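A quick write-up on the structure given underneath.
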């Protein structure tokens with residue numbers, strides 16, 4: 001007894017041929033061992049040749065017959081948004097561009113996300129790949145959601161987020177836990193359902209519980225408004241694994257590159273702070289010509305060496321002091337997590353201690369930036385020895401008081417203005433639960449500018465006190481902070497308190513950009529990932 005079987009195959013594009021073969025049913029077992037299965041490897045994308053994107057989407061949607069029309073539309077809309085160049089597939093550029101427009105998923109995860117989405121031997125994501133990723137990732141996220149949802153009521157609230165993070169070794173206070181909930185909550189219910197959780201975490205490539213907690217902690221709580229004011233927090237696990245020193249090294253290298261590249265702006269600023277007056281009308285352009293004529297191109301980097309050298313001791317001391325002060329404050333509170341204001345206070349205190357320790361290097365930086373050609377022939381240590389011999393130990397702490405007083409106003413005003421602008425944005429743009437990246441950058445820029453405007457007069461007085469002994473025209477000026485303020489207001493008016501602020505603002509964008517790019521590169525090379 002035999003039966004005829006038809007096996008379809010595609011040849012030459014659309015030509016369909018039927019191949020007939022006789023199968024002896026007595027030897028069906030032997031035959032089965034020789035038959036090639038229909039699908040022996042991962043599917044190949046159907047978007048090939050002249051097949052349109054719409055036709056490919058329709059074909060792949062038909063393969064997932066269990067999807068509802070609403071779900072299909074949601075996946076299709078998301079795929080279209082990610083496919084920035086509309087070429088029918090998603091590559092690394094599409095993902096990076098899409099994530100850069102998201103307020104909560106960092107663009108740095110784009111390579112890992114692409115790896116999770118694409119087929120094994122491809123560098124692009126087809127609609128079929130994306131659909132498979134969404135279905136599988138949402139299933140894994142549902143499992144994570146069930147673990148967080150302790151009372152199984154279908155909603156995750158602040159207490160459950162707090163408990164979940166504690167289980168992963170991260171203690172959060174109520175304010176921080178609620179911050180995470182608010183970022184995910186789309187309905188304003190102060191809790192998160194499964195759909196909201198899946199939507200929020202869909203483009204974050206990991207469902208590992210530890211990774212997700214790190215992502216929440218470093219991207220949903222601490223944002224750009226606090227950068228530079230409060231040192232980075234590290235969990236006990238990160239301290240033990242060495243993540244902390246990798247981030248400090250990355251920050252040090254980034255700071256060195258940023259300061260070196262923007263050193264000319266810094267030297268112009270210092271020169272204008274000390275030498276610009278109402279009568280000589282010395283400006284940025286005339287200052288550039290003057291400095292170049294005196295010492296050439298290299299003169300614009302005077303004082304940069306010690307400015308770079310002081311990064312390491314200052315960063316290390318600030319980190320250690322911040323960690324110790326935090327522990328004391330937490331012990332005083334009975335182990336509770338610190339609030340934002342308390343962290344700001346701890347960070348400012350750590351900054352004050354580290355500034356006190358390295359302040360002599362700050363004074364030397366100012367004097368080296370103002371030196372003339374030939375005044376450093378015997379090296380930096382000889383330069384410091386000359387200062388000590390001529391003026392005594394006190395010279396290394398000239399301008400210390402205005403420097404110390406400038407720390408808290410800058411940090412406090414920066415953070416206050418930032419939070420106020422964020423609140424105003426969400427109040428007037430109610431359709432957005434959280435500001436986007438551009439809005440956050442605008443808030444951060446405005447708050448930083450306000451902080452600088454408030455603290456700049458103190459910085460100017462500090463610089464003049466540091467340079468008073470080596471500046472003949474300033475040697476008759478008062479040797480105290482209050483005396484300097486009175487002298488400037490009487491002789492130059494209110495605008496005299498802002499001499500040199502133009503190059504200070506000019507260096508902000510290149511300094512931040514260089515620092516961010518270098519930090520990310522070095523951090524990745526060292527394997528210090530916390531998101």
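Glycine is treated like the rest: Cβ placed from N, Cα and C.
As given in Swiss-Prot:
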- 83, 85, 87, 89, 94: Ca(2+) 1 binding site (BINDING)
- 149, 151, 153, 155, 160: Ca(2+) 2 binding site (BINDING)
- 70-105: domain 'EF-hand 1' (DOMAIN)
- 106-135: domain 'EF-hand 2' (DOMAIN)
- 136-171: domain 'EF-hand 3' (DOMAIN)
- 172-207: domain 'EF-hand 4' (DOMAIN)
- 242-328: repeat 'Solcar 1' (REPEAT)
- 338-424: repeat 'Solcar 2' (REPEAT)
- 435-525: repeat 'Solcar 3' (REPEAT)
- 248-265: transmembrane segment (TRANSMEM)
- 303-322: transmembrane segment (TRANSMEM)
- 348-361: transmembrane segment (TRANSMEM)
- 399-418: transmembrane segment (TRANSMEM)
- 441-458: transmembrane segment (TRANSMEM)
- 500-517: transmembrane segment (TRANSMEM)
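Location within the structure of each feature annotated in Swiss-Prot.
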residue: 83; record: Ca(2+) 1 binding site; CB count, 10 Å: 19
residue: 85; record: Ca(2+) 1 binding site; CB count, 10 Å: 11
residue: 87; record: Ca(2+) 1 binding site; CB count, 10 Å: 12
residue: 89; record: Ca(2+) 1 binding site; CB count, 10 Å: 23
residue: 94; record: Ca(2+) 1 binding site; CB count, 10 Å: 21
residue: 149; record: Ca(2+) 2 binding site; CB count, 10 Å: 20
residue: 151; record: Ca(2+) 2 binding site; CB count, 10 Å: 10
residue: 153; record: Ca(2+) 2 binding site; CB count, 10 Å: 11
residue: 155; record: Ca(2+) 2 binding site; CB count, 10 Å: 18
residue: 160; record: Ca(2+) 2 binding site; CB count, 10 Å: 20
*Which numbers of helix, strand and coil residues does DSSP report for the domain 'EF-hand 2' (106-135)?*
20 helix, 1 strand, 9 coil
_Treating G and I as helix alongside H, and B as strand alongside E, what does DSSP give for the domain 'EF-hand 1' (70-105) in helix, strand and coil?_
22 helix, 1 strand, 13 coil
*In whole Å, note down how far the CA of residue 155 (Ca(2+) 2 binding site) lies from the CA of residue 87 (Ca(2+) 1 binding site).*
39
*CB-centroid shell, 8 A cutoff, Ca(2+) 1 site 83, 85, 87, 89, 94, site residues removed*: 82, 84, 86, 88, 90, 91, 124
*Run through the domain 'EF-hand 3' (136-171) and tell me, per DSSP, how many residues are helix, strand and coil.*
23 helix, 2 strand, 11 coil
*asked:* What does the structure give for the C-alpha distance between residue 85 (Ca(2+) 1 binding site) and residue 155 (Ca(2+) 2 binding site)? Integer Å is fine.
replied: 38
*Please give the average pLDDT for the domain 'EF-hand 2' (106-135) in this predicted model.*
84
_Six or more residues beyond either end and a Cβ under 8 Å away: which residues meet both conditions relative to the transmembrane segment (248-265)?_
300-301, 303-304, 307-308, 311-312, 315-316, 319, 503-504, 506-507, 510-512, 514-516, 518-519, 522-523, 526, 528
*For Ca(2+) 2, what surrounds 149, 151, 153, 155, 160 with a Cβ no more than 8 Å from their Cβ centroid?*
148, 150, 152, 154, 156, 157, 191
*Per DSSP, what is the residue count of the repeat 'Solcar 3' (435-525) in each of helix, strand and coil?*
78 helix, 0 strand, 13 coil
*Could you give the number of helix, strand and coil residues in the domain 'EF-hand 4' (172-207) as assigned by DSSP?*
19 helix, 2 strand, 15 coil
_Using Cβ atoms and a strict cutoff of less than 8 Å, what residues sit near the transmembrane segment (348-361) while being 6 or more residues removed from its termini?_
229, 231, 306, 309-310, 313-315, 317-319, 321-322, 325, 384, 396-397, 400, 403-404, 407-408, 411-412
